[in-house]
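Asker: There's a structure below that I have some questions on.
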Amino acid sequence: MKRFHSHFNGYSVEFSPFEEQRLACVTSQHFGIIGNGRQYILDVLDRDIGAFKTFDTRDGLYDCTWSEENECHVASSSGDGSIKIWDTQAPSGGRPIKSFEEHTKEVYSVDWNLVTKDTFITGSWDQSIKIWNPRMDRSLKTFREHRYCIYSAIWSPRNAHLFASVSGDRTLKIWDSRDNRSLNTIKAHDHEILTCDWNKYNDKEVVTGSVDKTIRIWDIRYPDRPTTILRGHTYAVRRIKCSPHSESMLASCSYDMSVIVWDRAREQDPIIARMDHHTEFVVGLDWNMFIDGQMASCSWDEQVCVWNLGRPGQFR
């Protein structure tokens, strides 16, 4: 397992959609409560992980996403309500090429549209979701229905207009960006929902993770009950990522300091790997779309970790 010391507390990691060795990571001082933030651009090398570029901010950073149309651009969301676009060709320590400042509270989620490639979406503690084009000065559209902090807003990987959002109000909402109101509201958990993701192979399936320690898989056409409930974490599920290489596999990380890889096709024993390589809350997680089985995580223990599970077939 390769490790990188981030000096600040980790919050999110994402592999580049253009370069297989490149990884973005956002971090915050003092657990994101107060202090500065740092956007890292890292390279996963043969023996270790090296810092390619670093960009500092005056407030903590909570999430990041790579542009789908420019391999040198990455967006990060901040505790001061701003979203910043960075150019990785600029020198370390440089200023963002763009800063959007409409949200009035922390922005906990940012996600680039995989289909149109020219928009991204943000979810904020101000209870709003916004869609942006990086070339425009203002947001394209704002959605307000959630009644508490929004923790995650994620585009469908197959439909240009669909996105999902989850909130502390315990609901999962499905939206069409062309409409002003959500298409569906699912009371998905009995406690706050901290994360969601779409199945990369099934645009009718969304996965949610909650403070109630469970992961629930939903067919959005049949919202009355989840199709599957996965249990294995002992504290809140902080982030979920569906595999880009397998319809039935997903990974989760938790405040129990673990990362679990699941194959829900194995109904009796869905956990295929449990990793306890962190010593604090694990809050960031991603799969490398270029290298089957390669994953990255980041934690409040100031460690960014990259490891390789091998091909998913070996676990079946």
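Backbone N, Cα and C atoms are what each Cβ position is placed from, and that goes for glycine too.
Since the structure is predicted, the reported quantities are computational estimates derived from the model, not experimental observations.
Straight from Swiss-Prot, here's the annotation block:
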REPEAT    56-96  repeat 'WD 1'
REPEAT    102-142  repeat 'WD 2'
REPEAT    145-185  repeat 'WD 3'
REPEAT    188-228  repeat 'WD 4'
REPEAT    232-272  repeat 'WD 5'
REPEAT    277-316  repeat 'WD 6'
Asker: Short question: which residues 6 or more past the ends of the repeat 'WD 2' (102-142) have a Cβ under 8 Å from it?
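Answerer: Same-chain residues near the repeat 'WD 2' (102-142) but 6 or more away: 62-69, 73, 75-83, 85, 148-160, 163, 165, 167, 175, 177.
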Asker: Would you kindly list the residues that approach the repeat 'WD 3' (145-185) from elsewhere in its chain, counting only those six or more residues past its ends and only Cβ-Cβ distances under 8 Å?
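Answerer: Apart from its flanks, the repeat 'WD 3' (145-185) reaches 105, 108-109, 111-116, 121-125, 127-129, 131, 191-198, 200, 203, 206, 208, 210, 218, 220, 223.
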Asker: Please list, for the repeat 'WD 1' (56-96), how many residues fall into helix, strand and coil according to DSSP.
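Answerer: Across the repeat 'WD 1' (56-96), DSSP assigns the residues as follows: 0 helix, 19 strand, 22 coil.
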Asker: Using DSSP, what's the helix, strand and coil tally for the repeat 'WD 5' (232-272)?
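Answerer: Taking each residue of the repeat 'WD 5' (232-272) in turn, the totals are 0 helix, 19 strand, 22 coil.
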Asker: With DSSP as the yardstick, break the repeat 'WD 3' (145-185) down into helix, strand and coil residue counts.
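Answerer: Looking at the repeat 'WD 3' (145-185) with DSSP, the answer is 0 helix, 20 strand, 21 coil.
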Asker: Average the per-residue pLDDT over the repeat 'WD 3' (145-185) and send me the rounded value.
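Answerer: A mean pLDDT of 98 is what the predicted model shows over the repeat 'WD 3' (145-185).
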